[in-house]
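Per TrEMBL, the features are:
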TRANSMEM  38-58  transmembrane segment
TRANSMEM  91-110  transmembrane segment
TRANSMEM  130-148  transmembrane segment
TRANSMEM  157-175  transmembrane segment
TRANSMEM  181-199  transmembrane segment
TRANSMEM  211-230  transmembrane segment
TRANSMEM  272-294  transmembrane segment
TRANSMEM  360-382  transmembrane segment
TRANSMEM  388-407  transmembrane segment
TRANSMEM  419-436  transmembrane segment
TRANSMEM  459-477  transmembrane segment
Amino acid sequence: MEAPKPEEISHPPMDQLQGLEYCIDSNPSWGEAIALGFQHYILALGTAVMIPSFLVPLMGGSDHDKVRVVQTVLFVEGINTLLQTLFGTRLPTVIGGSYAFMVPIISIIHDSSLTRIEDAELRFHNTMRAVQGALIVASSIQIILGYSQMWAICSRFFSPLGMVPVITLVGFGLFDRGFPVLGRCVEIGIPMLVLFVAFSQYLKSFRFRQLPILERFALLISITVIWAYAHLLTASGAYRHRPELTQINCRTDKANLISSAPWIKIPYPLQWGAPTFGAGHAFGMMAAVFVSLIESTAAYKAASRLASATPPPAHVLSRGIGWQGIGILLNGLFGTVSGSSVSVENVGLLGSTRVGSRRVIQISAGFMIFFSMLGKFGALFASIPFTIFAAVYCVLFGIVASVGLSFLQFTNMNSMRNLFITGVSLFLGLSVPEYFREYTAKALHGPAHTKSVWFNDSLNTIFFSSPTVALIVAVFLDNTLDYKKKDSAKDRGMPWWAKFRTFNGDSRNEEFYTLPFNLNRFFPPS
């Protein structure tokens, strides 16, 4: 038998991901774009509802307060997404709520000066104002690092090898938001997972008027079917005598969002009162802003690949971080109870639908702003059980993680050095945060537990994040271990990476990342 040729057993590295129907600057028809934008809006609801639903009751807030916070989150998400897609990286990314801010926010909630307030409503407002003040101060980290181009300088130490664990763990690091949440109501979660995979993968060749409708709108169709199924179970009394936790996760009428929502309410800055500022709160929040910066950097890299664009040049990445800092400042001014970062699930949806169009994401931002003002209608969609979102996350987080692994094609994985760096970074990126989570669950405080609360919050926040731990380990090892050897740069993928560092390094960068309205005249690329 004739030996196979080298090209038959290997695949050449590709700058841009192939197989997408629409890339970053190509657009589907308006009807299809609007439907896809609505689909991204529905997906963004998961985190937008989940974070306030957890934090607002801890702050002493009522169902009415929770609805107002959800509305505010969606309103600011829409503004931040528009700013990022127009003036930031210009990648098709939704800017949503971030779990990176949980540790410092919970620390503020448990501050003794706030917990001693007996009136629940007053405690909620005072806690919200303290969170707002911390976010406003902490946003300066990303604003300074972004607009000063300091983050662009830092990114020069990144290589394809070093970014593999970071991007991969942006997806895999959220595993606790997937099946562990799905398992709380398997009779809804499992059918949702099966249906979404069937529509998006096995039935993707089904076409209606030349449109692969099941692949393109798998999320909308499967959520509609399973939501109706869940409502049928709720109405038939299937959960009437089940434990309270099961009812919260399975029933479609337990969120109390629709009954508490006003018909029309427009969020506005300082709606909870004037922010209050505390040095300890701000320092803890700065660590969360730093974590958000790292996670978003990895998500931008993944989004560029799923939008069939080239990796964003250093100054474009830094520009995006600057605008993200503005976004966190808006979070603080409006009072969204949490900061923001790139929505990983929406990045994954780019790959699932094979549509990386910037216009689609801008339309989704319009839906966020519109439905945040029409309270009852927005609350209707926001009442979708979390279990349904968790089933989708199992697929979409996995897609983002696999994009991170795809960067290995530019490196030499026959190098023991590269195998060591990749393996150790991935393992510690999963293992260290898991240790911090388990320790916190048992001791009710993180491993860092000194008399300095801001120090505890900073350390616990950083090491709770899988991508952050992976970045620290991978970038350190990649820039210190045998980096002066003859073929080290080639093995790390630097010859491929180098041409994308500057705006003029590749002619395609102008097509993907040039500012609109001819603004490059005033902000020339570097």
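Each residue, glycine too, has its Cβ placed from N, Cα and C.
Relative to the transmembrane segment (419-436), the listed stretch 459-477 leads the set 211-230, 360-382, 388-407, 459-477 in CB pairs under 8 A. Highest Cβ pair count under 8 Å relative to the transmembrane segment (360-382), across stretches 38-58, 130-148, 157-175, 388-407: 38-58. Tertiary proximity for the transmembrane segment (38-58) is limited to same-chain residues at least six positions away from its ends with a CB under 8 Å from its CB atoms, namely 65-66, 69-70, 73-74, 77, 94, 96-97, 99, 102, 105-106, 109, 124, 217, 219-220, 223, 255, 257, 337-338, 343, 345-346, 349, 353, 360-361, 363-364, 367-368, 371, 381-382, 384, 386, 389, 392-393, 396. Contact count against the transmembrane segment (157-175) (Cβ pairs under 8 Å) is highest for 388-407, out of 181-199, 388-407, 459-477. Beyond the transmembrane segment (181-199), the same-chain residues lying 6 or more positions past its ends with a Cβ under 8 Å from any Cβ of the stretch are 214-215, 218-219, 221-223, 225-226, 229-230, 233, 245-246, 249-250, 385-395.
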